[in-house]
Amino acid sequence: MNRPERLQPGVKLRDADKVSRIPVKIVPSERETMLRKPDWLRVKLPASNQRILEIKQALRSNGLHSVCEEASCPNLAECFNHGTATFMILGAICTRRCPFCDVAHGRPLKPDAEEPVKLAQTIRDMKLKYVVITSVDRDDLRDGGAQHFADCIREIRKLNPEIKIEILVPDFRGRIDAALDILSTEPPDVFNHNLETAPMHYRKARPGANYQWSLDLLKRFKERHPNVPTKSGLMMGLGETNEEIAQVLRDLREHKVEMLTLGQYLQPSKFHLPVERYVSPAEFDELKVLADELGFTHAACGPLVRSSYHADLQAQGKEVK
C-alpha cells in the first residue's frame, strides 16, 4: 500500500487537493446544478479602488495577510474602502481542511517572531481605531497559537494605546485551558470564536472540530473575563433548517455569548461544499428578532454579514446588516 506523500512545509493545498481526505467527500459541482445567486447577493463595487490598493500594499510590504483576501470574502472592497481589515496571523496555511473555507491547507511554516511588531506598526501607519485579529488553525503548535495572539495584542497596544482589539480565535482543540491561561495575560476587547453551523452538520462542514468544545471555549473565556464581550458567527445555506439555527442561538446564550453574526454561505469553488439554499433577507430579519428576544446585545443578521463585517460598528452597538 502506498503511503500518502508527506506535505512539504509552506506548500498550499487548495480546492480538490485540500478536501481529498475529509470524511464526507465532495463531488465537484457542475455549473448546471449550482443554485443561481439571487439579486440580493449582488455586491456593489466602489467607484475607486485606491484605498484597496493602499491597504494591500501595506500588507504586502510587511509580509502580512488579511483573511479578507485569503478567504475570498465578498465584502473585501467595502471593508478596505472603509479603512478596516481583518489581519490573519500565524501564516496563511491551515492545519484543518474545512470544505466551506477557501483558506489553503498544508504544513505551516514556523511562526514569524517579528510578526507582532510588524502588525503593530502597520496598524499604526494605517491609523486604525478598531482591528480584528484572526488566525488559521495551528494544531501543530503546543498552545494552538495562543502565545502569538497574546504577543500581537501586547505589541499593538504599545504603539496604538487607544485601539480596540477583537480576536477571532480557532478552537484550541485539546488545549483550551492552556490557551486561555496565556490569553489571560493580554485579554482582548472582544473575544470571538465561530460555531459556523449547527452541530448535526459538523462532520460535513467542520471535520476535526466539535460543537461542544467550541461552546465550552466561549463559556470558559467569559468565566475568566466577565467584562469582555464574547461573540460567535454562523453561516446559513449548508443544509440546516431555521429551527436548527434557532437552537444554536439558544445554546450560545446559555453559554453567555452576547454578540452574533449570521450570514449566507457562498461556495468559493466547485470543489467546496455546495450552497443548498439561499436564505432570504426576510428570514434573516426573523432570526434577528429571535436573537434580540434571546438577549444578544448585538446581532448582525443578513446575507452578506460575515464574522468581522463592520466589527467596529457592531462593537459600538450600531445596526449592521
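Any Cβ shown, glycine's included, is placed from N, Cα and C.
Taken from Swiss-Prot, the feature [4Fe-4S] cluster 1 binding site applies to Cys68, Cys73, Cys79, Ser308, supported by sequence analysis. Around the Cβ of Ser308 ([4Fe-4S] cluster 1 binding site), 27 further Cβ atoms fall within 10 Å across all displayed protein chains.
Its own atom aside, the Cβ of Cys98 ([4Fe-4S] cluster 2 binding site) has 22 Cβ atoms within 10 angstroms in the protein chains shown. Annotation comment: Swiss-Prot describes Cys94, Cys98, Cys101 as [4Fe-4S] cluster 2 binding site, evidence class sequence analysis.
For 80-297, the entry in Swiss-Prot reads domain 'Radical SAM core', with the evidence type sequence analysis.
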Requested in this report: Taking the recorded [4Fe-4S] cluster 2 site as Cys94, Cys98, Cys101, identify the other residues of that chain whose CB atom sits within 8 Å of the mean position of the site's CB atoms, giving them in sequence order.
Outcome: Arg96, Arg97, Pro99, Phe100, Asp102, Val103, His105, Val136, Asp137
Query raised in the report: What count of other C-beta atoms do you get within 10 angstroms of the C-beta of Cys94 ([4Fe-4S] cluster 2 binding site), across all chains shown?
Result: 25
Query - Around the Cβ of Cys101 ([4Fe-4S] cluster 2 binding site), the count of other Cβ atoms that are within 10 Å - result: 24
Requested in this report: Compute the average pLDDT of the predicted model within the domain 'Radical SAM core' (80-297).
Outcome: 95
